[in-house]
C-alpha cells in the first residue's frame, strides 16, 4: 500500500442491502476505502462493491472480525442486537452511530421515553403489559388504538391497529407468547406524513435537509416529495429543530431520519432511523450532497456537505417487484418515455412487493413530477407492462 | 442466477483507470453488470469495482477472453491496437465504439482526412514525411507550425511546436527513427479552447451536451466551464452540429468528445476522443445525466438520458498530484471551507502532475465558481498546504 493510502480510512458497513450499495457509490467519489459485511454474494451491495466480507451481519464473531479490519463501523440496517453492539464497542471498535444512540432506533419504548423526557411532541403513548392498562389508556386516548412492539414483533408485523379491547387482548396474548413488549399509542388523526433528515458528525456539526412529504401504503414508503409542498414555514422549522434536538440529545453520529405525522395543530414524532433512509433517496438527484455521501462524511468526522436542493422539487417513487421479473426489459421503455427520470436499481431478485429500486424526477411542479415518478415506478413494476 | 438476471446485460470496460471507476458508479444505478479489464488490482477502477478481470488491457489474448464474458465491450482508453480490435470484432464481440470509428480517435491523420472530406472545419494541415514538405507547408501556413504524431509519438510526446525548418527537421528525424508518421498543422491563433460531447446509440439516437470552455496547460486539461461563457449562440450551435455530423459520419457508438479551437472567425476541430472525457466530468454534478451514465446507455442501446444542465454553470477543476501524497488529510479542509464543492478522487497513488481527482462546483456566477474550484484543486494538490 502506498504512503498516501495509509491515511485514507476504511469504513465498514454492516449489512449488504441497497443502502450499502448506494453508500458504496458515494464512497467512490470520496476516495475512502469502503467495505461491506454481507450475508451473501447476491446481496445488493455485494454485487457491486469491490471489498466484500461475507458473514453473519448480526452475529458477534463476524462483527468483531469485521470491525478489526475497519477504522469506522456503520450500518445498513438496525438489526444488530444491542448485546452484540456492546461487545463490539467494548473491543475498542469505533461504532457510528454508537450503541447508546442506536437503541433509540431499535426500541420504540426507549425512543418514546426519551423523546417525552426531552419535551418533544409524541402521540399519547403508554407502555402496556396487561389488558387493564390498555383499556385504561383507551379510555383516555379513544379507540381505535395503535399497538406497537417495542422491538421486533411477531408474524412479521410490529404495528397493529386495534378497534376495541377484544382485539387488543388478542394482540397482547400473541405478543406475550412471543416475549414482545408492547406500547399503546393514540391513533393520530394526521393530515399527512412528513420526514426530516439531519446528519451529525462526532464533532457535533449538523446539516439538516428540507422536510419532505412521504406517502406510505401498507407500511411501505411509496413516494417522497421534497420539499413537502405547502408546509407552513413554522412547521418546517419546528420539524428541523426537533430533528436537531434529537440528534444532539441522543448523540447520533451519521444520519438521523425522523418520521413525523402532521396534524391540524402541529407535528408529532412517529419513528426514527439512524442510517440513510428511504425518505432521503431523493437527495441523490435533488440535493448538492446525497444522504449517502453525507452519512459517510458524518461517520468519518469529515466536514458535512451542503444539503441544499438543486431543483425546486424532487419526487422519489419506490419501485416494487411485480409478477414479471424482467425489470431491465421494461426500463428501456421508461427511459424512452421520460429522459429526465433517474432510475436506481438495486440488483435484487424481483419478488412481488419487494423494494427493488427507486426513481427520482426533479423539476418545478410537484404534481407533474409525482405523476411522472408514479408512472415510471408503475411501469417498472409491470403494472402497465 | 435468478431469472431476471439473465436479461441484464454485462458491460465490459477495457482499462481500469478513473473513467472506468466513474462508469462503475453510474452502472450501479442502472443495475447493469459492469466488469473491468484492469492491468493491476491497484488500478483506479479495480480498487472499487466488484467485478474485475486482471490482464493486459491492450493484448489480444486477454481481450478475447474478456470479450467472451461480456455482452458489450467498451473502453476506458484508446490504446488498444487496431489489429487487436479487428481480431476481437472478427471473433464476434460487440465492440462499442467499433474499430472503424475508433481509428479516428487513434490516428490524427485519419481524423483530419475524414473531417476534411466531410467539409468540417480543421486547421490547415498536411501529412508530411520529408523536410521539403514541411518547408512548403510552412511557406503556406506560416511559421511556427505544429507537428503531430498521427499515432503515439516519441519521448512521451506527440505534439511539437516548431519555430522554423531547423526545429522541424530535428523532430522529423526523431520521428523517422521511431517509425512515427507526422502531420503538420497551422498554429491556430485561437481565443480559447472549447469542447462538445455527444452521445450516440447504435439505433442512431443522439444527445448533445452544451459546449464547454476548457483551459489546458502543458497539454493537460485543467479547468472546464460549462456552458462556455459568452459563446455566441450560432457558434455554439455550429459546434454541436459538427459533433453530431462527426458522430453520424464516423458511426460512433457511445460518447464522442470533440475538442475545438475558437477563433475570431469560427471554430476548428482540434482533437477527438470516443469515451467519457475529462471535458465532461462536470456532468456528474451539473447535468441530469452524467457522461458516464450516458456512455453506458449508448453502448447498451438504451434510450439516452437528458443532457440538460441542473445549474446555470458548473465548473470543473482537475486535481493534480503534488509533492505531498496526503490528499485525504487536505480534503478535510477543502470540505470545511466550501460545503458546496464536490470532490471526486480516483484512489490513485499520488505522483506530481498526475491527475488524481477533480472537483465540481455548480452555481450562478462562472467567475465565482472558477475561483472556488481553482482554490479547492490547488489546496488538494498541496499548493497552499
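One is the number of the first residue shown, and numbering goes on along the chain from there.
From the backbone N, Cα and C atoms, a Cβ is placed for every residue, glycine too.
For residue B:271 (ATP binding site), applying a Cβ distance below 8 Å and a minimum sequence separation of six or more within one chain yields B:108, B:111, B:258, B:259. Secondary structure at residue B:271 (ATP binding site), taken from DSSP and collapsed to helix, strand or coil, is strand. Among the features that TrEMBL reports, ATP binding site is placed at B:108, B:148, B:185, B:186, B:187, B:188, B:193, B:270, B:271.
Residues or ranges marked as domain 'ATP-grasp' in TrEMBL: B:112-300.
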Per DSSP (three-state), residue B:108 (ATP binding site) is helix
Record-listed ATP binders B:108, B:148, B:185, B:186, B:187, B:188, B:193, B:270, B:271 have a maximum CA to CA distance, in Å, of 18
In chain order, residues whose C-beta lies under 8 angstroms from the C-beta of residue B:185 (ATP binding site), counting only those at least six residues away in the same chain, are B:112, B:123, B:124, B:125, B:141, B:145, B:146, B:147, B:148
Across the binding-site residues (B:108, B:187), the Cβ with the fewest other Cβ atoms inside 10 Å is that of B:187
